[in-house]
Amino acid sequence: MTKRISLTQYLVEQQREHGHIPAQLRLLIEVVARACKRIAISVNKGELGDVLGSAGSENVQGEVQKKLDVISNEVLIEANEWGGHLAAMASEEMDSIHVVPNRYPQGEFLLLFDPLDGSSNIDVNVSIGTIFSVLRKVNNQRGVSEEDFLQPGKQQAAAGYCIYGPQTTLVLTVGDGVAMFTLDREMGSWVLTQENVQIPEDTKEFAINMSNMRHWDAPVKRYIDECLAGKEGPRGKDFNMRWVASMVADVHRILTRGGIFMYPWDKRDPDKPGKLRLLYEANPMGFVVEQAGGMVSNGRQRIMDIQPTKLHERVSVILGSKNEVQRVHDYHQDV
Ligand code: P6P
């Protein structure tokens with residue numbers, strides 16, 4: 001049974017034992033966690049809080065923004081501006097970076113987030129979440145630019161997500177394994193409920209949007225066809241399928257019981273590497289999944305080795321149980 005301690009105590013003990021959570025990073029994580037609590041309150045209000053439906057605007061991705069997309073983005077910006085731990089922020093919902101105003105001290109960290117992932121599920125009351133990634137500002141020159149954010153995922157200082165589901169759960173890694181904190185609503189505090197999370201190396205469960213099957217590349221089609229062939233097929237076992245259409249929900253299931261999640265490149269838009277975003281979806285989820293013993297690939301290379309070239313860069317994502325991801329990765333080498 002995991003000892004029931006608070007997020008603060010967990011971070012202080014991590015700092016004492018491993019000494020790589022400087023005060024600014026600890027403050028950053030606590031501020032993000034508090035912002036997620038505020039987002040959870042808005043999410044849980046639903047219709048009562050007049051937060052459902054469209055905001056009547058589009059984001060840089062050309063996607064219609066939901067009211068909660070905009071609210072969540074504002075909560076994270078306002079929560080993180082004043083603390084002195086950040087130099088700048090980047091969000092799926094903003095075209096360019098948000099530099100901490102000069103009236104506040106500038107910190108050494110950069111925060112990236114998808115403030116509300118899975119927006120198509122908001123109005124139908126299905127789990128959604130916030131995904132965040134923390135980088136260090138590597139160049140010591142005064143000021144900050146978009147180029148400072150273009151770092152491979154392996155350079156992240158911390159990453160995680162908050163899933164707003166039947167429970168509200170914060171999942172975090174600072175590079176020493178994965179811990180989960182459940183929101184105690186009576187106390188309003190995050191309570192450690194699991195640590196050293198490990199993803200089973202094998203699975204019988206895959207997550208992919210099957211409606212795109214006719215658009216997939218051959219290696220992905222081969223892998224899924226073999227899963228569908230079941231016991232009588234080359235895999236010699238039956239598979240189950242899940243697709244929530246909220247990456248946080250699908251990844252949380254995989255962290256909890258194993259599985260493979262795939263949003264691969266497809267030929268609908270050949271110049272687009274994939275649907276999901278590298279810097280604030282694939283990299284933070286990749287850090288968490290790898291820290292839990294899983295594997296994360298774009299089919300041809302480790303995602304966290306990719307050198308980004310633009311802030312909203314997209315990527316093909318295959319992640320989860322190590323042996324299954326390795327199989328898909330190998331199929332891509334065979335073509
Ligand atoms: P589709 C949500 O919009 C998201 O970015 C991920 O959270 C999710 O895995 C994917 O897109 C769902 O995409 O095409 O199935 O709606």
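Keep in mind that glycine also has a Cβ here, set from the backbone N, Cα and C atoms.
Record note: TrEMBL gives Asp114, Leu116 as Mg(2+) 1-binding, and the candidate from Glu92, Glu146, Glu147 in that site is Glu92.
TrEMBL lists Asp117, Gly118, Ser119, Ser120, Asn209 as binding substrate, and of Lys37, Lys45, Lys272, Lys275 the one it places in that same site is Lys275. Take the Mg(2+) 2 site that TrEMBL assigns to Asp114, Asp117: the candidate from Glu232, Glu281, Glu290, Glu313 listed for it is Glu281. Checking Cα-Cα distances from Glu92 (Mg(2+) 1 binding site) against the binding-site residues (Gly118, Ser119, Ser120, Asn209, Lys275, Glu281) with a 10 Å cut-off leaves Glu281, in sequence order. By the rule that a residue counts when its Cβ sits under 6 Å from some atom of ligand 1, the binding-site residues Glu92, Asp114, Asn209 yield Asn209. A simple way to gauge crowding: the CB of Gly118 (substrate binding site) has 22 other CB atoms within 10 angstroms, across all the protein chains here. Taking a C-beta cut-off of under 8 Å and a sequence gap of six or more, Leu116 (Mg(2+) 1 binding site) has these contacts in its own chain: Ile39, Val43, Lys66, Leu68, Asp69, Ser72, Asn73, Ile122, Ile128, Gly129, Thr130.
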